[in-house]
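Worksheet: one structure, shown below.
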Amino acid sequence: AAVDIQPACLGLYCGRTVLSVNGSVETYGDCGVCPRGQRTDDNKICRECTGSPDRYDWLYLGFMAMLPLVLHWFFIEWYSGKKSSSALLQHVTALFECSVAAIITLLVSDPVGSLHIRSCRVKKLSDWYTMLYNPSPDYITTVHCTHEAVYPLYTIVFIYYAFCLVLMMLLRPLLVKKIACGLGKSDRFKSIYAALYFFPILTVLQAVGGGLLYYAFPYIILVLSLVTLAVYMSASEVESFKDLLVRKKRLVVLFSHWLLHAYGIISISKLDKLEQDLPLLALVPAPALFYLVTAKYTEPSRILSEGGNGH
């Protein structure tokens with residue numbers, strides 16, 4: 001009854017906060033922004049988020065957590081050089097930093113001290129961009145109702161990146177200074193400098209495209225892992241299974257890409273029906289096998305020689 005006698009609450013994400021509860025009667029405030037950790041229900045009342053992230057939400061958070069780790073590994077490998085023996089320790093340190101940052105992020109999220117988090121359910125893409133749906137009842141005054149309708153999937157990523165950056169600045173310079181003896185003074189910190197560039201880029205990416213990434217990340221994983229695997233095997237001149245076995249590093253890269261393929265397939269299927277979705281994981285080695293089988297037929301020198309013979 002209290003809802004009916006009050007004027008309509010305009011806007012897709014504007015709601016009334018519950019001021020007091022007397023038995024079954026609730027008293028509501030003015031129409032406006034919901035407090036953090038709440039979102040509007042069907043009656044435009046701000047209700048506390050009491051759910052838990054579903055499997056797809058956790059897969060999304062896992063993808064956002066993997067991004068800085070993969071970039072760390074890439075730039076460590078890029079700048080370590082062939083003669084440096086410090087790359088492995090830096091890889092392990094990057095993994096440690098990101099793992100600890102993820103655990104701390106979960107611990108400081110509500111409920112504090114637990115690895116579980118409470119969240120609101122994502123219903124549609126607009127839930128990620130509530131700032132675009134502030135109503136203007138008289139076309140002059142704007143009612144600001146921007147809040148995190150997908151709590152905490154939007155802000156928890158920023159918190160995680162902040163902890164990653166802090167831990168990297170605390171641990172990595174000391175480690176690199178001691179073990180990167182095979183590199184010059186100007187080269188040994190380049191992987192750290194690279195992180196100082198890509199963390200702001202990742203932050204802007206999440207701020208602007210968080211909702212788009214939420215729906216597209218499984219396909220992004222599959223496409224990027226396929227492209228990077230093909231580029232790596234081509235740059236490493238891998239043309240047969242024997243070439244893969246020559247260096248252990250190539251096998252590590254191959255298995256890493258297979259894990260990414262599997263992650264992408266699981267994210268798309270969500271494993272809702274195990275008997276239908278699990279057989280899809282058998283497709284994980286298919287791109288690499290296809291590349292190895294067809295590589296000898298696409299060798300540029302062979303194509304050029306056959307073309308010359310044809311003329």
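In case you wondered, yes, glycine gets a Cβ from its N, Cα and C as well.
Over in TrEMBL, the protein carries these features:
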- 58-76: transmembrane segment (TRANSMEM)
- 88-108: transmembrane segment (TRANSMEM)
- 151-171: transmembrane segment (TRANSMEM)
- 192-213: transmembrane segment (TRANSMEM)
- 219-238: transmembrane segment (TRANSMEM)
- 250-266: transmembrane segment (TRANSMEM)
- 278-295: transmembrane segment (TRANSMEM)
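Residues 59, 62-63, 218-219, 221-222, 224-226, 228-229, 232, 236, 238, 243-244, 277, 280-281, 283-285, 287-288 of the same chain, all 6+ positions outside the transmembrane segment (250-266), place their C-beta atoms under 8 angstroms from a C-beta of that stretch. Taking every recorded stretch in 151-171, 192-213, 219-238 and counting its Cβ pairs under 8 Å to the transmembrane segment (58-76), the highest total belongs to 192-213.
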